[in-house]
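Visitor: What Swiss-Prot lists as topological domain 'Cytoplasmic' is 1-32, 79-92, and the listing cites sequence analysis. If you look up Swiss-Prot, you'll see 33-53, 56-78, 93-113 marked as transmembrane segment, on the strength of sequence analysis.
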Amino acid sequence: MAAQVVPVLSKLFDDYQKTTSSKLKIIDAYMTYILFTGIFQFIYCLLVGTFPFNSFLSGFISTVTSFVLASCLRMQVNQENRSEFTAVSTERAFADFIFANLILHLVVVNFLG
């Protein structure tokens, strides 16, 4: 089983390196960072506790929402999806991402109290 998985993962990684643009790689790195931050927060919640609950909840909601916003940005910036997002330029997608993140973090800071 493991002998079959290694070549598949190797080919997947090689194709990703060759065909993915640098913009998408940066977005993917950001999404990976957010994913690990959310996992770390959840493990911390399980091991230590949720006191104060507002802080945990706002931090976890922030990571999940940031991941969703980044995935939306990735879909809009990807050249393979140009036919789906003809009215949205790359700059407009990035501006929407920044604006949505600004609103998100204003809500998160407000929720903290």
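Any Cβ shown, glycine's included, is placed from N, Cα and C.
Let's see these features in context: how buried, what's close, how far.
Guide: Within the chain, the topological domain 'Cytoplasmic' (1-32) has long-range Cβ neighbours (under 8 A, six or more residues past its boundaries) at 67, 70-71, 73-74, 77-79, 90.
Sequence-distant contacts of the topological domain 'Cytoplasmic' (79-92), counting only residues of its own chain at least 6 positions beyond either end whose CB sits under 8 Å from a CB of the stretch, comprise 21, 23.
Long-range contacts of the transmembrane segment (56-78) within the same chain: residues 23-24, 27-28, 30-31, 34-35, 37-38, 41-42, 45, 50, 84-85, 88, 90, 93-94, 96-97, 100-101, 104-105, 108, 111-112, each at least 6 residues beyond the stretch ends and with a Cβ under 8 Å from a Cβ of the stretch.
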Visitor: Six or more residues out from either end of the transmembrane segment (33-53), which same-chain residues have a Cβ under 8 Å from its Cβ atoms?
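Guide: Same-chain residues near the transmembrane segment (33-53) but 6 or more away: 59-60, 63-64, 66-67, 70.
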